[in-house]
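These features come from Swiss-Prot:
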{"type": "DOMAIN", "residues": "24-110", "note": "domain 'Acylphosphatase-like'"}
{"type": "ACT_SITE", "residues": "ARG39", "note": "active site"}
{"type": "ACT_SITE", "residues": "ASN57", "note": "active site"}
Amino acid sequence: MCCRRVFRLSHRKEGMESARQTKRVRVYVSGRVQGVFFRDSTRERAERLGVSGWVRNLPDGRVEAVFEGEAGAVDELVRWCHEGPPHARVEGVEVEEEPASGGARGFEVR
């Protein structure tokens with residue numbers, strides 16, 4: 001009985017540690033994503049989730065962003081990008097994983 005309880009605690013601890021792993025992704029969002037407060041909304045959401053990075057408009061009409069933080073928070077922000085703010089019409093989201101730098105602090109609209 002003692003060993004079983006220890007196993008459960010260590011299993012939960014491992015799950016918590018993997019959720020806390022630092023993750024970094026580069027995201028490209030296409031559709032009607034410029035002129036609809038996508039960048040400001042992304043910054044607000046990132047700050048709420050504790051995700052660092054930046055977001056900018058691209059000349060081809062897409063939005064590019066880099067997110068770095070706890071894996072679960074980064075994943076949640078990427079999921080949000082599939083919908084975006086109320087006036088956006090997201091048609092596609094491309095996600096590229098990158099090595100985490102560990103030095104990212106704050107979130108910037110470029």
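Just so it is clear, glycine is given a Cβ too, placed from its N, Cα and C backbone atoms.
Here the structure is a predicted model, which means the values were calculated and not measured.
Under the three-state DSSP scheme, ASN57 (active site) falls in the strand class. Every protein chain considered, the tally of other Cβ atoms within 10 Å of the Cβ of ASN57 (active site) stands at 16.
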